[in-house]
Each structure stands twice: as C-alpha cells, then as structure tokens.
Amino acid sequence: MKKLYGALFTLSMIWGTSFLFIKLLVNELGPWGVVFWRCFFGTVTLLLILFFFKKQDVSHLRLINLPWIPLVFVALFNNVLPFGLIAMSEMNISSSLASVINATTPIWTIVIGSIFFMVPIRGKQWIGVFVGFIGILLLLNLDFVSLMNENFVGAGTMLAATFCYGLGAQLARKYLIHLPVIIVSTTTLFMSMIISFPFMLVSNHTKGYSGFSIEIFLSLIGLGVFGSGLAYLFYYFMVKEGSAEFASLVTYIVPITAMIWGFLLLDEHISANMVIGLLFVFAGVYLSSAKANKKRAINSSIVQE
C-alpha cells in the first residue's frame, strides 16, 4: 500500500508541476514551441519505455493495422489543441487557476459522451455536471465589466482545452479501445510533434538546443519526460496494483499541488473564489464519475495534465 500512495503522491507532484513548467516556458518558446518540445521529449521517453519495457506491445503491432485517421484526430484533440490552448491560457492567467479549470475535464467528457456519442448518463451524473458548472462560474467570477478582460479570455481558452480533452477521450474510447495504451500514447504524441512543428516555425519562437538556457531545458525535461512520459508508468501502476477509483484520486490532488507550486515558486495569489470553485468542481467530478469502472478510466486518460 505504501508503494501505491507513493505513486499517487509522485504523480500528483509531476502533473501539478506541469502547469508551473508551462508558465515558465510559454513566454520564451511561445505556445506552439511549448507544444512541439513537450511532445518531442514525451515521444522520446515513451519510445524508450516501449522498446525496453513493453516489447510485447511492439510485437502486437505486427498483428494489427493501426487506425490512422482516428489516431490523427485523437492526437489533435488530446494533445495538439489542448496543449496549445493551455499554453495560451497561461499567458493571461496563473498556473494555479489553469490547473483548477483543468479539473473540469471529467465533466466535459461526460457531457460530450452524452451529446455526441450516445453514452447514457444517470440522474446522479447530471447533478454532478450541474454542480461542476456552478464551480466553473465561481472560478470565472463573471461580471459584465470583466467579460473581455485578460483573465476571462485566459480562463475561456483553458475551458476550450478541457473541452478538447473530453472530446479526445471519447474518440479514444470509441475508436482506439482495442489498442495498448502505450501504443496510443506514443503514436499520438509523435503525430502531435509532427503537426505542431510547422506552427512553431511560423510563430517566430524557433529555438534549437543551443538556444536553451538551463532553466528552459530543465523545464522541458520536467514537462516532456516526466509530465508526458514517465507519468504514464505511475498512473497505470496505480490502476493495475490498486484500482481505477484509487488512480482517479489524482484528479483531486493535482490542482492542490499546482496551486502550492504556483504560490511558492511564482508568488501567485490563491483567491477565495478559486478555493470555493475548486470544491464545487471536485463535488461535481465525484458525483458524475464516482462509479466509473476500471476500463473506462484507462480509456479516458491517455495523457491529460
């Protein structure tokens, strides 16, 4: 049990720092530079894991034809667009607020599944969705004067990222359920790296290795190698050795660790609205997904942080 809690703590710290690293990187590399280099380091890490620890999955590829079109769409909606939108949002809002809004992803997944994929939703889940959206309104602190200020635009961009995550999860669940998770993760990260490369080139934020400071390089290692690579091992260790419900606890802890990192290292302010809104989001996520089974948890969590 100590190993399980150790994995939970480690994964929460890794995914919590991802928002911190994005904040440190985005002004230097630009949103699309962050996406490309994150996917690059994540792809290299997962390839090493695949060939050294998951050889049975590599041999499995010889027996199947990969569904390339669904993989491209999952790469777009689970990696390219949300990674870029998160980076854009953190140009306007704190990493702490971004992490709290990111916690709404399970709610969007349920709503999108019901509307577009005919996934049945129980009454209790609808209550959870409603409570979660109250939390979103509290987080946005909406008023007519601030509808178009930077905070609202940044929060709206972050919400768009969580919507993409929800759509990507449903696409993966519907079309990629028969594939090993590490194959999906590695393939979609590689595709995302290719797709984001031209966007980085035209964004005037192109930097090679020689242009990276130590701070930038270490942040990329933290975001790509750990946040998009090694985190996979911790998550699925918890699913296998514990349960999907135990692994889902990370959804609740990541915003807390992200807020702590932002407060300690970036001197970010933690408002009462953020705390209250986060509690409503937590309640909504719990009510809407409390009885998710192990299979659903695996298929809906390709790489989300």
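Backbone N, Cα and C atoms are what each Cβ position is placed from, and that goes for glycine too.
Those TrEMBL annotations? Automatic predictions, nothing curated.
As annotated by TrEMBL, domain 'EamA' applies to 7-140, 154-289. Summarising the annotation, TrEMBL assigns transmembrane segment to 7-26, 32-53, 65-88, 100-119, 126-145, 151-168, 175-200, 212-234, 246-264, 270-287.
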Contact set, same chain, for the transmembrane segment (7-26): CB under 8 Å, 6 or more residues outside the stretch: 33-34, 37, 86-88, 90-91, 94-96, 98-99, 102, 215-216, 219-220, 222-223, 226-227, 230-231, 234-235, 237-238, 246-247, 249-250, 253-258, 260-262, 265-266, 305
Secondary structure tally of the domain 'EamA' (7-140) (DSSP, helix then strand then coil): 116 helix, 0 strand, 18 coil
Chain residues in Cβ proximity to the transmembrane segment (100-119) (below 8 Å; excluding those fewer than six residues from its ends, i.e. six or more beyond): 19, 86, 89, 125, 128-129, 132-133, 135-136, 139, 155, 158-159, 161-163, 165-167, 169-170, 173-174, 251-252, 254-255, 258-259, 274, 277-278, 281-282, 284-285, 288-289, 300, 304-305
For the transmembrane segment (65-88), distant same-chain residues with Cβ under 8 A (at least six beyond the ends): 19, 22, 25-26, 30-32, 34-35, 38-39, 98, 102, 154, 157-158, 160-162, 164-165, 167-169, 171-172, 175-176, 179, 183-184, 187-189, 191-192, 195-196, 199, 302-304
Integer mean pLDDT for the domain 'EamA' (7-140): 88
